[in-house]
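Taken verbatim from TrEMBL:
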{"type": "TRANSMEM", "residues": "B:15-35", "note": "transmembrane segment"}
{"type": "TRANSMEM", "residues": "B:40-59", "note": "transmembrane segment"}
{"type": "TRANSMEM", "residues": "B:65-82", "note": "transmembrane segment"}
{"type": "TRANSMEM", "residues": "B:94-117", "note": "transmembrane segment"}
{"type": "TRANSMEM", "residues": "B:137-156", "note": "transmembrane segment"}
{"type": "TRANSMEM", "residues": "B:177-193", "note": "transmembrane segment"}
{"type": "TRANSMEM", "residues": "B:224-245", "note": "transmembrane segment"}
{"type": "TRANSMEM", "residues": "B:251-271", "note": "transmembrane segment"}
Amino acid sequence: MTDKALTVQNLCAGYHGTEVLQDVSFTVNPGDYVGICGPNGSGKSTMIKIILGLLAPTSGAISVLGKPLGGFHDWRRIGYLPQGLQFFNPHFPATVDEVIRLGRLSAKKFPRRFTKDDTRAVEQTMEWMGISHIRGKMIGELSGGLRQRVLLARALVNDPALLVMDEPTTALDPETRESFYKLIFEMNREKKVTVLLVTHDTATIGKYASHLLYLDKKVIFYGSFDDFCNSTEMTGFFGEHGQHLVCHRH
Amino acid sequence: MDLNEMLSYGFMQRALIGGSLIAILCSVLGVFLVLRRLSLIGDGLAHVTFGSVALTLLFRLQSVYMTLAVIPVVLASALGILKLAQKARIYGDAAIGMVSAIGIATGVLLASVAGGFNVDLFSYLFGNILSISSSELAIAAGLFVIVIAGVIMFYNELFASTFDEELAKSSGLDTDRINAVLVLLTALTVVLAMKVVGIMLISALLILPAVTALQVAKGFKAAIISAAAIGVGTVICGISVSFVLNLPTGATIVIINFVVFLLAFALRGLLRHS
């Protein structure tokens, strides 16, 4: 039996006494492309951070790639692309090549030295992403779209089984956003990478994702886009117009 | 006075070698600290060292024991700054400011209790690079080996954590441990180098070569190497100029560093326009 890519069971989480996630449960199969939507403060980013081990839940259980999160150490199999860098310094002295190479650290043990294999993996990833020509550029000199591409390359350099993205297209113009989505879609199809994508872009995600998880502290809907678009319960929840907005490009 | 004559003096040889070793340490650590907005940690820890030295003077400890007694206090303070920034929900600069103020206040209070300021205590504040003894040079060399080995072993983790701590954590790196390594290496450098070069020069060497390198470096490794080269170059230049013109050495090194920073800043502007 194939391991599930992700299993979340009865997950609860909160900050300073306020509950952010209430009894969230869902399962993601390998190769799925899950769009995670919901209003601001609905717990999307909190859930992603818990899955990545960056935050601790109040209760509940998570299994990633068949292993309980508490005992999961194979971080090279998970790629993470945030909305942007935490405290991005445009003058940070790192080249594109150096940034992508950092993604290889998760596959290494102390003292985490790079080898020729790492150089090869970095070159292959840059080639696949079409960014080899900017390898020597400084990360701060790049446009927002190119910078996100570089961070995506960093997330993909280990050929991860699961790619987790938290609103990666927020700062991008519509054209760049569309090409970014296409790239993720190709990767999901060609490399069979399981994708979790948090987005506010409900009008576009239906074109690319196979599944929709709609969160508002708890799971409002989880299933395939076809199920969502045919669900009268969801028509009742979102209204016909709201449901159409999500479904019209699917 | 020619170069041969200047280099024939034993104190000049020791100053140039010791100063260069300390400059490399401070400059390399400085790149990580400046990019993490912890550049004043050297100043803060130096003030804690000042307070700790006052304590050892109160108990009339000998110089060697004094250093041994001061090290754990300053290492603990370095970790205290980290914990304050992480747990007390205050920014790193405020945590450094708190620990620094407590360090200097403790020093002044203890010096007062001991019956006035001691000349030895002030030597820690201002140092004198031209008076490095052979044993101090040996300490600087030992420190150099330990700290550089630490930086080399943790280089990639320090780089990843400096670039973006959340991304580093999501790659399974223990960023708390990496942060602790950085502040402990800095604390060790500050304690052992302070008697040699003084608070002012340590703080300057932690910040100025790093910010100068960041003006022109194309890449992280390039920034580290440039900072070390700038640190060594300005220290050698500063010691030589101060010797020839009979100027205070520490202050001369700082001013030369600032001039080099201005040149790098101008060069960056020129490169951008061209």
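Keep in mind that glycine also has a Cβ here, set from the backbone N, Cα and C atoms.
A TrEMBL annotation is a machine prediction, not a hand-curated record.
The transmembrane segment (B:40-59) makes no contact with the transmembrane segment (B:224-245), as judged by fewer than three Cβ pairs under 8 Å among residues 6 or more apart in sequence.
Contacts between the transmembrane segment (B:15-35) and the transmembrane segment (B:94-117): absent, as fewer than 3 C-beta pairs lie under 8 angstroms at sequence separation of six or more. Sequence-distant contacts of the transmembrane segment (B:137-156) (same chain, six or more residues past either end, CB-CB distance under 8 Å): 14, 17-18, 21-22, 24-25, 28-29, 67, 178, 181-182, 185, 188-189, 192-193, 196.
Within the same chain, the transmembrane segment (B:65-82) stays apart from the transmembrane segment (B:251-271): fewer than three Cβ pairs sit under 8 Å, each pair at least 6 residues apart. Same-chain neighbours of the transmembrane segment (B:251-271): 19, 129, 200-201, 204-205, 208-209, 211-213, 215-216, 230, 233-235, 237-239, 241-242, 245, counting only residues six or more beyond its ends whose CB sits under 8 Å from a CB of the stretch.
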